[in-house]
Amino acid sequence: MIRCDGDRSGEGRPPSHPAEESCAGRVQRRTPSAALAVTRLRFPASVVGRRLAGYIETKTLRFDRRRPVEGRSRLSPERESEIFGAVVKLVSEHGYEKVTMQQIAAEARTSTATLYRRWNGKPRLVVESIRHLKPHPLETVDTGSLRGDLLAGVGPMSRTAPADHDLMAGIHNAGRSDDDLAAAVREVIAEPVELAVEAVIDRAIARGEIDPDPPGRRFVHELLLAPVVVRPMIVGELPDEEYLTAYIDAVILPALGVRHDR
């Protein structure tokens, strides 16, 4: 609608012809609701195609202007940590499948729009939360020796709380029927750990500790996970530090061509 100064009726009047947009010489004021109507009237009534194109273009522009500007929705590291903590708490208590984005938003005191804008959905949000709060030690270790790196990187697994193990087991189980979750686990958790293992091996090669092409290199990543993933299923308990040390000496190092004598 178009409203003109001096129009005391409180209501705008639609022009019967584009020429009437001037309000007969009076100062014209376009109300927000009139923006689309005026734009449509700029096209001759006989040119239906152009009018339709103008309508679509105007609607698109009006929508785009309401889109958030890049960077406005960025969260501080402290705020992200709070959200990650809320996510891990809920998933640990209720399981991945039962937790909703609405519950996460309420627990983290934020909006679902913020969560979707930043993480695009529950799979990515949950997996990034786990990685942030529970990073794998191999990603930061560098002791100066292959055995030292492996012990420092795998040893903390013996101190993994049962609740943390149950959390990861639940995520992996849910990923069997959720392709988005499985892809997020591979990208956010598995691949960085695999790269960390490769970095440990590369440093050992550079130091001359092992041959440039050790025979079991491509199996090491899976071998390192086996005690933590398989042992609880077979024995019913997580490996302790003594078990992991013996496992590294008897399995991992020989696979890389290293003989360790106690």
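Including glycine, each Cβ sits where the backbone N, Cα and C put it.
In TrEMBL, annotation is done automatically, which means it is predicted and not curated.
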Task: Could you tell me which of the ranges 1-28, 113-140 is annotated in TrEMBL as region 'Disordered'?
output: 1-28
Statement: Of the ranges 40-59, 100-119, 220-239, the one TrEMBL annotates as DNA-binding region is 100-119
Query: Any idea what the model's mean pLDDT is for the DNA-binding region (100-119)?
result: 96
